[in-house]
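Inspection log for the structure reproduced underneath, given as structure tokens.
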Amino acid sequence: MFLSILVALCLWLHLALGVRGAPCEAVRIPMCRHMPWNITRMPNHLHHSTQENAILAIEQYEELVDVNCSSVLRFFLCAMYAPICTLEFLHDPIKPCKSVCQRARDDCEPLMKMYNHSWPESLACDELPVYDRGVCISPEAIVTDLPEDVKWIDITPDMMVQERPLDVDCKRLSPDRCKCKKVKPTLATYLSKNCSYVIHAKIKAVQRSGCNEVTTVVDVKEIFKSSSPIPRTQVPLITNSSCQCPHILPHQDVLIMCYEWRSRMMLLENCLVEKWRDQLSKRSIQWEERLREQRRTIQDKKKTAGRTSRSNPPKPKGKPPAPKPASPKKNIKTRSAQKKTNPKKV
């Protein structure tokens, strides 16, 4: 009895530790590099143990994706082959919604049948969860109202992010060759950049997930501006370049002004990263007020110009044309008149 309890306890601990230690890794499947999530976990829903195996398997659908037979096909395939990795669903990754699968199947199966193929059994829709009865993801949910724990990937000490060894070509891209331009934190810069998010954050980690992508993990402390909800937790910032500009190091406390793209927070060369000072919070708020005033002024001018153009029709440009002189009347003399006035001499 005691032995059975001990075995059960050890098994429970093994499973619990295994779940907590389940690794998340950067998405490396080329077809899925531009999904709203950039971190996945293996094995996936099709039981591929590595992304390399998943890449070989998903390649068979590249032509189908390229012909764009369905607007949700790529999303569905990536949700199956590179499932989103979140802390709450490490043991059982989130599946795509049944409706997404059905849309992709109904859109693309007629084309597949033209080439004597049918929708594969491995991608059957019957076993997938329904949106209102379980947890699942769809393109609409991510764009509009997806919960924070799904939209923003937590990278906490409980989750290990595996660093992939750099390719030979990537190793040649030495950081020393990158020359980052310093962007000064001024009002003029703020007005011209018109960034979509401004945050106070602490740099937690910087990792390269490919030759042309760097992921900077930051711990968000304050949010001064955002175009979409930003959680006050650890979030990834994506640099889609071989150069990490602006150049930052772990443990730095900074103010970041940059842009969002496809629901991903970016960290680009023309963005501003400044060592944190308390004065910067007041400045950023004042700058945002000036930016809004500038927008209101421009809108008011456009409205005024529109009203003026409607009330006063446009006048013709240039000088009015001069009146044409009356054409002189020609004194046409008939032959008989000519004979009378100019009689021939006899």
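The backbone N, Cα and C atoms fix where each Cβ goes, and this holds for glycine too.
Out of Cys24, Cys32, Cys136, the record in Swiss-Prot bonds Cys85 through a disulfide to Cys24. Candidates considered were Cys69, Cys125, Cys136, Cys170; Swiss-Prot assigns the disulfide partner of Cys101 as Cys125. In Swiss-Prot, the cysteine linked to Cys32 by a disulfide bond, out of Cys69, Cys78, Cys97, is Cys78. Between Cys108 and the candidates Cys69, Cys97, Cys136, Swiss-Prot annotates a single disulfide bond, the one to Cys69. Looking only at the glycosylation sites Asn68, Asn116, Asn194, Asn240, the one with its C-alpha closest to Asn38 (N-linked glycosylation site) is Asn240.
Helix, strand and coil counts under DSSP for the domain 'NTR' (178-307) come to 37 helix, 48 strand, 45 coil. Each of the glycosylation sites Asn38, Asn116, Asn194, Asn240 was scored by how many other Cβ atoms lie within 10 Å of its Cβ, and the smallest score goes to Asn116. Note on proximity: of the glycosylation sites Asn116, Asn194, Asn240, the one nearest Asn68 (N-linked glycosylation site) is Asn116, by Cα distance.
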